Amino acid sequence: MCLFVVVFCSLALTSAVNQTESDVDSWYVAAVYEHNLILNPEPDVPLSRLDALQHMQKNLDIYEEQAARAAQQGAQILVFPEDGLHGFNFSRSSISGYLETIPDPQQESWNPCTEPDKYNNTEVLHQLSCMARRNNLYLVANMADLQPCPLKTDPSSSCPSDGRWQFNTNVVFRSDGLLVARYHKHNLYFEQSFDTPPQPEIITFDTPFAGRFGLMICFDILFHKPTIALVEKGVRQLIFPTAWMNLLPLLDSVQFQQAFSLGANVTLLAANLRKDQYNMRGSGIYTPFSATYHHAQKGDPEEGRLLVARVPVLDPLWVGQSVTTEEGLVRSESTSSTATDSGVCHQESCSDSPPPETASLVPPSSATFISSIDHDPFTFVLLNETEGKVNVCNGTFCCHLQYRRLPQGDSKELYALGAFAGTHTMDGRYALQVCALVRCAGLDASSCGQEVEEAESKMDFLLEGKFGSRYVYPSVLASKMVLEQPEHLETAADGRVTMKHSNMTGGLVTACLYGRMYHLDNE
């Protein structure tokens, strides 16, 4: 687990590089399934192996149906969410009936579907393997792993007191059912039933249709290892099973999924759970050029959702790194409109785009105030005019905004620009630099930073900050959890990040530059 309208956006990607010797297409079809998890109503009560299997079978039956549907739509890889088979809120002892010992595919070759009797108590692995084989697709699922202690790969590590390791684990099966990857979650989020691995695991697997993918789970996405370690190794296609509890205004599921894809310049295949009582919803397939996602609204039927999309191959071993984007369509269930081209620059300058108007000449805005976002004390300044320029600083970190507000009708909405630089310490510890333009929950300044899902006022804006990290994740979230692709993004050599956007399709909820200062996490 971790803290924190079907809308389809697709922009074509073209490559000027020849195909590889195997003549692999530069596109593939990916699927993610947002799962309406069938929970164990008493997770703190230990179950027998038989009873645990009967519970998991209810979720496996749904997986079987969705794998067949994905295959029918041409999916070559399918991702299921974190905790999707067993659930959560177990104790270390009460999860025991759900555990299976998962062999390390780096050490041995095993196809559970064709060799079901090789290991005892591997019924779930057998079913998942056969699911992949039957539907001829790569399949990623999350389950609970039991390993003898100490692990053979790290004999010097200390054991838990009960003499065994229990891990939150991703497993990957090839299209013939072969187990090809196993990843143990490193950054746990209040998971009493699981252990942190002795060492962070950097796990990848290769496919014949898209090259290399990397594995992570939920809370991992906020930390350097394994996520940024994978990116720094050149992995540009990431698998993300999650059980994400939404946390507006900065960490809604689809908001941060898209922001990470844009900021890290990667494809992200994100499969979340759908459990309204825990505010879990929001999954998608994201590239730096497109987003196919689902975020249920309050009051929508609580049900699963399969997403399937055609995705460009980003593995540099398969395609060249020189790409262009073309205009595409944004389609929802009830409306359609044309998307804005998104320009993304990571060089010292972008000759094909106009230089952003600097706000550094604007004097610091007066009448700042402190208000919290997820327990972090942001320094805010209100946007009191229809248009203008404002600056706000939190210590030496400053954010600049040039804006033109387009109120709709008689709506009265309060907006503020906030800045934060420091270490987040609530439910996890990580260093941040954040610029956030937010709609306040009410008309009082004290409501700025509180959760808001809807807005009427559209905004043309240029948001800018000078960051001490190259990992800055941009997002534009419109009313009712609709994502907008930023019109222009630019990262300068001095750390200045600029996001420019206009012609919004809905009212602005949040526009954010979310900087992660990984190198300061341990200070």
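Residue positions begin at 1 at the first shown residue.
Using the three backbone atoms N, Cα and C, a Cβ is placed for every residue, glycine included.
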From the ranges 84-118, 329-363, grab the one TrEMBL calls region 'Disordered'.
329-363
Cβ distance under 8 Å to LYS185 (active site, proton donor), same chain, sequence separation 6 or more: which residues?
PHE167, ASN168, THR169, ASN170, PHE194, PRO197, MET216, ILE217, CYS218, PHE219, ASP220
Tell me the Cβ neighbour count for GLU82 (active site, proton acceptor), meaning other Cβ atoms within 10 Å of its Cβ, over all protein chains shown.
30
Other than its own, how many Cβ atoms are within 10 Å of the Cβ belonging to CYS218 (active site, nucleophile)?
28
